[in-house]
């Protein structure tokens, strides 16, 4: 353990040897010179007297994450480092060092300035004393005007004025000196700026006027008598009682707040004064005044100015009585205008009175609100520090730097472990040997002590072996911090000796830096909650008016929220305004004319990109859209179920129906089939060849689609189905021969969707061929149900089939149909089937979505015009 301590000491010394005895910790001068040559930074060690405490400084690692490390408190060669003042942003040091007595000096200066300029508490007693002195001087100056009290009052006035001059002079000097606590009054220029204030100029004028009066005294010469009149200038000292001009500010604010009302009252009063004075002057100007003997004297209203004087005294309710109207006309005019003018002349007094009362109340409330500033500022500061001490925010280091600069810990110097465990060191043993040659490549390094170079104190008794908990805790904290510092500094240099530096694991009890951060975090949380509680206490209402205002504000906020909620509800459940874009208007020459009741949203020939912009974005519109989609899905499912039912019915048909002996059935069986209304409908069925080669594995790609006719599934049927009429003969002629038979899977599926067209334009006898049966009720219900679906086979072209995502759509060209009243083709030629790879629902324009155009669904066209096509699919 001692070897590791000596190695750490040698590394800290910058090349010191590992020798034992008294020179184990001494630095090598040569090694120190070589290290100093490549390093220009300062070296930090421990100065005498700083051995008991160290400050927590910013980590020296490259990450600069605010790690708390130990740093010595002094310079090299025992020089104490002078703390530099840091600017507000903790970036630029102040140029002047801060003196030790500056804090006390500034505190006294601020205290005097507040007592003189902003008196509170005990300072009010001094200002009350000054007021009594000024009032006494004023009373004695008044008594000197009496002949009987002139001598006595003059003597007392001289003594009191002399005392007042000294008091006011000292106060003025203290004001000039204490003004330096304010930033704008610093220095001699700031003092001159403070002396140029109006109240300071008034103090200077009163002092200058009082000095000659006191110097002359009570002499009876002419000079003394003339100077005594300056004593009444002391009346101006009453103005200095309000140093901050609060009364004048209050009056000015009241006048400014009610300026419009005051101007209105004064304007109407002035008009009343002019009009009443002029009318009284016209009536009374030629009436002479009579004395007691009845002799005529000059007129009382000789000029218009006399009338204005009378009007002002009368309307102001003073009424000296020196001028009065003599005639009844003048008295009537004076009475009429007095009733009007007096009210307007007295109105400004009421306005100012109410305004002053409101301002005083507002000032009291403002003082109450000012009490919230400090708790609010403390809460903001505590909230920020609580946020900044979050361990997950590694980018916030300012708060940790603050704690690094203010938090300090007791320091126990590092020594040989044997000596630390065997005895308690004295004061001299805790003094670090200065090491002027010690250096390190990083410059800023901790230099541990070595007790081998210090003589052991003989006054200390040996202690039992072992460290107590307090020493172990402090030693572990210092050793861990030093080891982390060393590792962070030597990480970039790649020093091979870095692994040997540090201390034994026996003393590394725990990592103190995270523990310290956690403790600071806990303190910040407690302070945040405390300041939050204090701030809530200051939010209590000041008076009933505050309570009413709070309720009013809450009521307005509630109304605004209710209005916002109502707006949201209206937007959710109210459909949007109808929109009619330009591209949805009917064009001339178009194939179809859309009805007016049809929604543009359901127009089949409008692209999705166009309809999405005009869709109703309200919740009700979305509900309607979902409901329509569910309805469309139901129709599609009905269509698929119908297809499946047809397929299953086709497989259940008896095979013997297709042989010639089928017609030789018994009459009883024929009648039974006629009566059976639930027999399956005769459908188109593909027949597999029995004479051909064995069926190969089926694949959709084995049989090209161009080789299969529209009715190719009858190519291998040995039976030629015949029907009555010329159309059946023509249909049989068009059927391909069964000479070349080959095994293939049927490529078409029957559909009952279009059977309604067959029923409409064929008679019952035409539908019932030699191999046909009655239509079952279930099929009839399927026909009735599917006839309402907006599925159309006339509008799907092959381009739509190619871009269909599923490849399963109803395929039939609209050009293949021949519209006419007589479509005498056989029902065998009608293409009531689905081709493989086709569907009716994949293309966007023909997806069932509500009401479709009549031209698209065929509702407005007669059933007799539907004629199938002969073209292959």
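Glycine too: its Cβ is placed from the backbone N, Cα and C atoms.
According to Swiss-Prot, the feature compositional bias 'Gly residues' maps to 11-26. Residues or ranges marked as region 'Mediates interaction with calmodulin' in Swiss-Prot (evidence: similarity to another entry): 357-538. Per Swiss-Prot, the feature topological domain 'Cytoplasmic' maps to 1-121, 177-194, 246-257, 355-873; the stated evidence is a curator's inference. Residues annotated as topological domain 'Extracellular' in Swiss-Prot: 145-154, 215-226, 284-303, 317-327. Residues or ranges marked as transmembrane segment in Swiss-Prot: 122-144, 155-176, 195-214, 227-245, 258-283, 328-354.
Nonlocal intrachain contacts for the transmembrane segment (122-144), taken as residues 6+ away from its ends with a CB within less than 8 angstroms of a stretch CB, comprise 114-116, 150, 153-154, 156-157, 160-161, 163-164, 167, 171, 228, 231-232, 234-235, 237-238, 241. At the 8 Å Cβ threshold, with sequence separation of at least 6, the transmembrane segment (258-283) lacks contact with the transmembrane segment (195-214), having fewer than 3 such pairs. Under DSSP, residues within the topological domain 'Extracellular' (145-154) fall into helix, strand and coil as 5 helix, 0 strand, 5 coil. This prediction places the mean pLDDT of the region 'Mediates interaction with calmodulin' (357-538) at 63.
Non-local neighbours of the topological domain 'Cytoplasmic' (177-194) in the same chain are 106, 109-110, 112-113, 116-117, 200; each lies 6+ residues outside the stretch with a CB under 8 Å from one of its CB atoms.
Beyond its flanks by at least six residues, the topological domain 'Cytoplasmic' (246-257) meets 352, 355-356, 358-360, 363 of its own chain at Cβ-Cβ distances under 8 Å.
Only residues 6 or more beyond the boundaries of the topological domain 'Extracellular' (317-327), in the same chain, are considered here, and those with a CB under 8 A from a CB of the stretch are 280, 283-284, 287, 289, 300-301, 306, 309-310, 333-334, 342, 345-346.
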